[in-house]
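Engineer: Okay, handing you the structure first.
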Amino acid sequence: MWKVFSYLKAYRLAIAAALFLTLLELGVELLQPLIMAKIIDQGILKSDLGVVKLWGGVMFGLAIIAFIAGVANSFFSAHVSQNYGFDIRRRVFEKVQSFSFVNFNKFPASSLITRMTNDVTQLQNTVFMSLRIMLRAPLLLAGGVIMSLIVNWKLAMVLVVALPILLFFLSWVLKKAGTMFRDVQDKLDGVNRVMRENLMGMRLIKAFLRRDHESDRFEQASDELKTKTVSSLRLIEVSIPALLFVMNVAILLILWIGTKQVSLGSIAVGEVVAIVNYSFRISSVLTIISFIIMAFSRAKASAHRIGEVLDTEVDLSESADTDQSLAIKKGVVEFKHVTFQYPESEVAVLQDVSFSVKEGETLAIMGSTGSGKTSLVQLIPRLYEVNDGQVLVDGQDVKLYPIESLRNGIGVVPQEAVLFTGSVTENIGWGKEHATEEEVVAAAKDAQIHETIEKLPNKYETRVGQRGVNLSGGQKQRLSIARALVRQPKILMLDDSTSALDLKTEGKLLTALRKYSCTTFIITQKISTAMEANRILILDDGRVEAWGTHEELLKTSPLYVKMVQSQFGEEEFQHVTGFKQTSST
Ligand code: TTP
Ligand code: MG
């Protein structure tokens, strides 16, 4: 947690300037009652107008100095706190970017968003307040007591006794509120989660008429947040009157003892007035201190939550034996007895998987839903680590590649097309740094989306994603294929990416892909697509049921024959397989 605050180091000078200005302001504030005492005792009581004028002038001058110091302090405080917030946001963002999938499972997206926004703001506000008033409050407290001691140490003893009681109470509140506010931030995560899910699933909610249900869910999360916040604030609210009570008793005591001493002639009226004045200032500071405690407790909770993200160990990093010179040259892929299991799951999703794909060849992967197709291809760009066996690219274990050069050579088209807010060009060009206009158009043409784009209102400059035009499922799929193609990858992975395309468009796409001479993995449910590939891999519940050419599989894989039967009519079946349907079962 302290690491989070240590980023303030970069702003040492500005912080020093802000603190110096605070001290200046504080000095003026502490001198004022002293001057007031002088004006009363030497000016008013002795009817000396000259003294009143002189010290009145000094007080005015000091007030102007304090004003200027205050403005300058605000300037520095704002500078430090805003930059500090900016730094932390950037660091958290970069850290999250480096997360592996396993890391992501630990932090829900909504929680990461709260941490990057609300928690950073809490820290920012606290830093601003610290520089602006936080230091002033404890110093004014201590300074008030010290000045009182200087004015009249006997009378000031009352304050000296009251102070430890106040401090003990304050530290107790600080500790208790810290834990309470951590709960508050967790509840805020909850509210954000419901909100996020709702905004993303708006169409579904409307179609299913689940508005009331969702409203209830939101209300519940929101209510939990309210209850937690109220109970945390109550602690602070109760603490203010308690502190003021102690101080008021002290002031009464000072007045009582002071009056007696004045009548005995052992103390001047101005001195009593000064000490009472200091006591009132201390009282007003206590209210501020309560606010500060609240801010600090919140900041402590937020710093803890941000620290959790920053301290997360990225488990999928490069090891010592990484060969920095390695890069994908051919795109040969081989799986050797690969077994893989998701860290959060109990069972292996892939077991003893072995196969290989030659340079420039296409492998179709088939299998029922949940059989492990997506999991299998995720292992090639090393999004997850295998538990057993090896994944080799160009004959080298993927673990030996620098992650960047490994992933640079791979184009991924995920099962669910993801578009970013921006123009069509930006979305396609996203696949390759500094992609030229021509490269983008060429990729779009090959992905069979060029004609569709030409019909959009602003063609390639049309905005898609949020607040842009909506595209159909198949259009999104083809945009993400174009995004992968623009990379000119050595290995291309299409995860069910042609599912929404009609046969004719799909055929054109597959023909266009041939000229890319990249090793291609096509996950598909369609036999017609699979037949275009050099070989087909059939997965069944995480195991390789069969692997070979279409002709080979017709002889060796009952599962494949079944799929062929179910997808083709009798005549087509005969044409595709070369034998009558009845003879195959
Ligand atoms: P997948 O590999 O996603 O199965 P699939 O791609 O063959 O299925 P589909 O055709 O529907 O796309 O999942 C295999 C198993 O792994 C499944 O039981 C769910 C599980 N799984 C996880 O536990 N975590 C994950 O992140 C993913 C993707 C899958
Ligand atoms: Mg899948």
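Cβ from N, Cα, C; glycine included.
Automated prediction, rather than curation, is the source of TrEMBL annotations.
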Engineer: Would you mind telling me which of 31-49, 278-296 TrEMBL tags as transmembrane segment?
Structural biologist: 278-296
Engineer: Name the residue range among 8-30, 54-76 that TrEMBL annotates as transmembrane segment.
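Structural biologist: Going through 8-30, 54-76 one by one, TrEMBL flags 54-76 as transmembrane segment.
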Engineer: With a Cβ cut-off under 8 Å, give me the same-chain residues at least six positions beyond the ends of the transmembrane segment (156-174) that come close to it.
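Structural biologist: Apart from its flanks, the transmembrane segment (156-174) reaches 141, 144-145, 148-149, 235-236, 239, 242-243, 246-247, 249-250, 253-254, 257, 275, 278-279, 282, 286, 289-290, 293, 296-297.
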Engineer: Using a Cβ-Cβ cut-off of under 8 Å, list the residues of the same chain that are 6+ residues beyond the ends of the transmembrane segment (54-76) and lie near it.
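Structural biologist: That would be 14-15, 17-18, 21-22, 24-25, 28-29, 31-32, 35-36, 38-39, 43, 131-132.
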Engineer: What same-chain residues lie close to the transmembrane segment (133-150): Cβ under 8 Å, and 6 or more beyond its ends?
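Structural biologist: Those are 19, 22-23, 25-26, 29-30, 33-34, 156, 159-160, 163, 274-275, 278-279, 281-282, 285-286, 288-289, 292, 295, in sequence order.
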Engineer: Any idea what the model's mean pLDDT is for the domain 'ABC transporter' (333-566)?
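Structural biologist: Here the predicted model's pLDDT, averaged over the domain 'ABC transporter' (333-566), is 87.
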